[in-house]
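Chemist: Okay, here's the structure, questions in a sec.
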Amino acid sequence: MAGAKRVTVMSPSTRLAHARRRVRGRWRVPRLDPADAERALALYRAQRARGVAALVLLAALLFGLPVLLSGWATLEQWRLVGIPMSWLALLVPYPVMMLLAAWQLRRAERIEDS
Amino acid sequence: MFTVIAVAPVVLVTLLIGLRGVAAMRTTSDFLVASRGVSPLLNSAAVSGEYLSAASFLGVAGLMVKDGVGALWYPVGFAAGYLVMLVLVAAPMRRSGAVTVPDFVEARLASPALRRLAAIVVLMICALYLVPQFRTAGLVLMAISDTPYWVGVVIAGASVSATLALGGMRAATYVQAFQFVLKLVLFIVPALWLVLQTSAATQDEALRPVGFTEFATDTPVSFENDVVLRIPTATTVQTDDGQQRVLPAGTVQVAEDETLHFPQGAQVPRVQGLPELGGSDWSGPLLNLRDAGYPMLGTIAVLLATVLGTMGLPHVLMRFHTSSDGRAARRTAAFTVVLLGLFYLFPAIYGALGRVLVPELYLSGMTDSVVVALPARVDPSWVGTMFTALLTAGAFAAFLATSLGLLLALSGAISHDLVPGGLRQLRITVVLAAVVVVLLAFAARQLDAGILVTWGFTVAAATFCPLLVLGIWWSRLTATGAIWGVLVGLGVTSTGILITLFGPAVAGWLGILAAQPAPLAVPLAFLTMVLVSLRGRPPSWAMTAMLRLHLDERHDARPGRSLPGRSRTDRSTWLTRRWSTARRKGRRLVR
């Protein structure tokens, strides 16, 4: 037994496929079925419209909040249970982003269900 | 001793789960993407587990002590990145059927040159991100248990590469998901304990920051890095061997491994490039980067780098390929926003308490150890030691999980994209790559890990982010445009960081742009890609290639509910076409 070469058991076609060099380099992008192409185009446009809306909201949150905080210095004086409001403002994005994610997920899936 | 007991189970469980994954490993697809059978919830736990690196577990609280409350913008950006991913990338990326990012690029633009370039960018990002992970492993173990630096690095390298070489992505998925839960518990429980344990006076002090101007007690500060201090008035300090040393007013360079004992009542020096600890710049809600006086620019720069950089991190993108379909990938991204949001509510507690309880770390530059140093300061008995041990275990889990993903992406780029080979070659590549990274980590002990991570994030934001966004949503993108855009993004980012690391000191807003080049590099990369693409002509199949990414798989998933109006013959030709595509892709993967 010792020294005997171990051989993988496989079908002849698998062996052939394994022996062949893998296809690399240029390959043509497969064509889309006309009906699929139509559906893909509709999905693409719908997702793009919804996506831009979600991104605008996110950008408003992420870049609006620093502007708001820098312009509103008195916020540092206000406190909620002893914590400065301006510090709490840095935790606000998380719940908002969770809601935004849930909302966007539902809208994106609804488009594909239709 | 406690630490060993805490860290050993984490390492052992990692190895055991790795062994479990060996059974079902036959192809590179198994190895790289767990054969795409990972459910959204498990996958999002794994994504979060992978993403919460030492930089999140230890770094955010450390940055808060160092740079001020504004450092909390970093985690906001980290979490927001997944929202952008959900909107723009997750589903189309998965639907491309690729295994790695370079694969995706080739599927969309059919350019072997771009594929190789993308693979090199993957290598660069992974290396920049992986070296700090290993370095932190070494430093944390060194700080806790007096082992030399190299021991921790080698332990980290060995356990990560063993797990991966044996179990591949399947093992990595379970390890990372397990470690996410571990990290969440090990981070939140000590935080709550700290809040309960500290006195009301300490908490009040933490919430009403005042400038750290005078030492309240005799304070020893051991410097682990070279630091430039600005001394307000000449101060007499004691060195470790009991000698007196007078620090003259002005700037003083303190060397690594020096320990200075500052007497009670002495004035606290400022650290060059950092805001005054607890001062008004520190407690302001914006990030005053490098103490340059441009908080708005600093905040925006960090947000851009973290949000868009997250989108381009190759190890994170690779995780999305393990989902079963585009819809599952999208759900994974959404769940991840929730999971990360939960975790990031807590670093602020460590940061705020750390400023009050361990302010000397601000001087010594060892702010990364704030989280681990806190429990012992609050409760010197065995309880504090236990919590230190738990936090160390969590930190170790953090860099194990992140390193797993990064090493996998790194090996994938080498052995799947650059020098294609089979499963055995992938396994060997994993081990070799780990050895190289361990060696790099030995050399990187002196470097500021934060700069390396920023570099990695910004490269990702300025190369893969425009490449993916334009590739998925703009059919006119050409391969030439993509190549030029990637080169410009890479060039601008690296120039900025290299100037920060080795060049002359740049002050003001230019200094911020050099240290955080995202606001410059990302728009430039986008612009280059668009302009060069508009000058060229996209191939005739470009529109099809892009639309394929947006076509959902629901016909496959639910064969009973085919589209109304689709005749039987129609469906069969459609299926054949689908299958031939699958077979061709399969040929490239199997072996």
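Counting starts with 1 at the first residue shown.
Any Cβ shown, glycine's included, is placed from N, Cα and C.
These figures come from a predicted structure and were not determined experimentally.
Pulled these features from TrEMBL for this protein:
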- B:72-92: transmembrane segment (TRANSMEM)
- B:113-130: transmembrane segment (TRANSMEM)
- B:150-168: transmembrane segment (TRANSMEM)
- B:180-200: transmembrane segment (TRANSMEM)
- B:292-313: transmembrane segment (TRANSMEM)
- B:333-353: transmembrane segment (TRANSMEM)
- B:387-414: transmembrane segment (TRANSMEM)
- B:426-444: transmembrane segment (TRANSMEM)
- B:450-474: transmembrane segment (TRANSMEM)
- B:481-503: transmembrane segment (TRANSMEM)
- B:509-534: transmembrane segment (TRANSMEM)
Chemist: Looking only at the recorded stretches B:72-92, B:113-130, B:150-168, B:426-444, which one has the largest tally of CB-CB distances under 8 Å to the transmembrane segment (B:292-313)?
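Modeler: By Cβ pairs under 8 Å, B:72-92 leads among B:72-92, B:113-130, B:150-168, B:426-444.
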Chemist: Who are the chain neighbours of the transmembrane segment (B:387-414) in space, where the CB to CB distance is under 8 Å and they lie at least 6 residues beyond its ends?
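Modeler: For the transmembrane segment (B:387-414), the far contacts come to 2-3, 5-7, 9-11, 14, 32, 49-54, 56-58, 99-100, 102, 119-120, 122-123, 126-127, 129-130, 133-134, 136-137, 140, 144, 156, 159-161, 163-164, 168-169, 172, 175-176, 179-180, 182-183, 186-187, 189-190, 193-194, 314-316, 318-319, 371-373, 375-376, 379, 426, 429-430, 433-434, 437.
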Chemist: So if I exclude everything within five residues of the ends of the transmembrane segment (B:72-92), which remaining residues of that chain have a CB under 8 angstroms from its CBs? That is, six or more out.
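Modeler: Distal contacts: 47, 51, 56, 60, 63-64, 286-287, 299, 302-303, 305-311, 316-317, 320, 326-327, 329-330, 332-334, 336-337, 340-341, 344, 347-348, 351, 468-469, 472-473, 549-550, 552.
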Chemist: By Cβ distance under 8 Å, which residues at least 6 away from the ends of the transmembrane segment (B:450-474) in the same chain are close to it?
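Modeler: Long-range Cβ neighbours of the transmembrane segment (B:450-474): 55, 59, 63, 88-89, 92-93, 101, 104-105, 108-109, 118, 121, 124-126, 128-129, 131-132, 304-314, 317, 444, 482, 485-486, 488-490, 492-494, 496-497, 500-501, 515-518, 521-522, 524-526, 529-530, 533, 546, 549.
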